[in-house]
Ligand code: P6P
């Protein structure tokens, strides 16, 4: 196929963007690529295997774990530990951060935070789900086990971030701070091929993604924004449309391609919002800013938030810059009484 560039070739080629690169990040990204292929294979045959159905245990979020959650968590941890670039991993499926104790891992300079399978309630209804990952340089000394501070860094310190979307086709989308690139998996070749180079989100869009079932519990500013979308007839655009899949990765990916905004505000049941700052919001915020969009908690830039605990939540507004700015205006104009 003329001009086909595989993810592997792209990772090595882009290593040149980092003059001091030792190849460690390239190798780390390759281990994520491998785990994505393994998880993708299981997801695509989940309907056939006995893998469907909750496994009976609950994770730290108190959510019933689907078997595929556990499977994805184990496969990504194993792939990351097998290479010598990662000293530890934090995961939505792990109560505490996991330190890799092999000496070679303790000499590693990166930590990874991940949601191994986001949207897990969508697994057994054949709706797109995804893996989200976030990579930092450790702040603790090389040669020692990682400490909590390695995982509680503000999002603007990320070295790389990305997601895998297991949808009608499987894609891996990532950034190392030099733009966003998307790779589509070709199962007949077993390779990810560059399909979306230098992805940029349109500055404005007409898609808004929010769970309107929570409407009465939203902050007033969010209610006002939803009404603005429903009553506003944009002159130079199609009318607004509501699209909500229930998988952050799928809603985010569609909005990245077409323009739009995803909103998960604080609600009465989730006063801090539902989404996790470290392994859902920060990586998506890095990606959207690299693609020319914005990510906010309603008042502040997500990437500037200083984390205090591994599984902390935050309200999350992410997508086209004009749309995120509009929501922030409404939240400022109508602060919750
Ligand atoms: P709700 C999935 O559990 C998730 O973390 C995101 O992927 C998704 O956008 C959101 O929660 C769905 O939450 O409350 O609307 O079901």
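Glycine is treated like the rest: Cβ placed from N, Cα and C.
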- Where TrEMBL shows 115, 118 binding Mg(2+) 2, which of 280, 289, 309, 322 is named for the same site? 280
- Besides 115, 117, which of 74, 81, 92, 148 does TrEMBL list for that Mg(2+) 1 site? 92
- Task: Output: those binding-site residues from 92, 115, 117, 118, 262 whose CB lies less than 6 Å from an atom of ligand 1, in sequence order; none if no residue fits.
- Result: 118
- Using all protein chains in view, find how many other C-beta atoms are within 10 Å of the C-beta of residue 92 (Mg(2+) 1 binding site). 24
- Measuring Cα to Cα, how many angstrom lie between residue 118 (Mg(2+) 2 binding site) and residue 262 (substrate binding site)? 15
- Message: Between C-alpha atoms, which of these binding-site residues comes nearest to residue 92 (Mg(2+) 1 binding site): 120, 211, 280?
- Response: 280
- Query: Of 115, 120, 211, 262, which binding-site residues are close to residue 280 (Mg(2+) 2 binding site), meaning a Cα within 10 Å of its Cα?
  - Reply: 115
- Query: Going by DSSP, how much of the domain 'Fructose-1-6-bisphosphatase class 1 C-terminal' (201-331) is helix, how much is strand and how much is coil, in residues?
  - Reply: 57 helix, 19 strand, 55 coil
